[in-house]
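According to TrEMBL:
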DOMAIN    18-165  domain '5'-Nucleotidase C-terminal'
């Protein structure tokens with residue numbers, strides 16, 4: 001019986017969910033291809049009323065070689081039981097989160113397509129964000145944005161305390177970042193050139 005289950009499990013983890021022309025990598029001080037992909041997947045699965053998605057750099061634990069992207073590779077790269085969470089945050093709260101990330105104590109937040117953050121690591125911590133826009137428009141402190149993230153961050157993990165101030169919070173119980181990525185591919189999405197090369201978050205001093 002155990003051998004039978006092991007064979008079934010092997011079959012699942014060996015399933016190919018996508019193809020990548022290059023290695024998918026991670027980073028802590030800037031955007032990465034895996035961070036871009038994860039944030040885009042969270043945004044896609046969260047629903048059309050969600051404007052942006054944020055995930056933590058530290059939650060990405062491996063890199064994925066070029067070629068077939070398997071279910072097992074996705075699970076080992078995003079191994080934590082971090083559930084999809086949506087909430088409302090003000091622009092001021094978003095800026096606070098980005099400033100904390102720019103302090104680089106736990107890495108920057110990885111962000112979905114359309115969100116851009118530039119920071120200057122030579123400036124004092126808390127005063128580093130120089131650009132923060134959504135679809136080319138500056139994030140407004142007073143505007144409320146409907147966002148997606150994971151439960152680790154939503155609970156203030158890695159010191160991102162402003163997430164705990166979010167309103168209208170909804171948690172998709174048992175639905176993890178790895179699930180979102182697999183479902184993103186199952187829906188017909190592919191790895192894009194922008195995900196591979198896009199510097200959505202960047203240090204202007206590098």
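Heads up, the Cβ atoms here are built off N, Cα and C, so glycines get one too.
What TrEMBL says about a protein is an automatic prediction, not a curated fact.
The domain '5'-Nucleotidase C-terminal' (18-165) scores a mean pLDDT of 98 in the predicted structure. Broken down with DSSP, the domain '5'-Nucleotidase C-terminal' (18-165) shows 48 helix, 45 strand, 55 coil.
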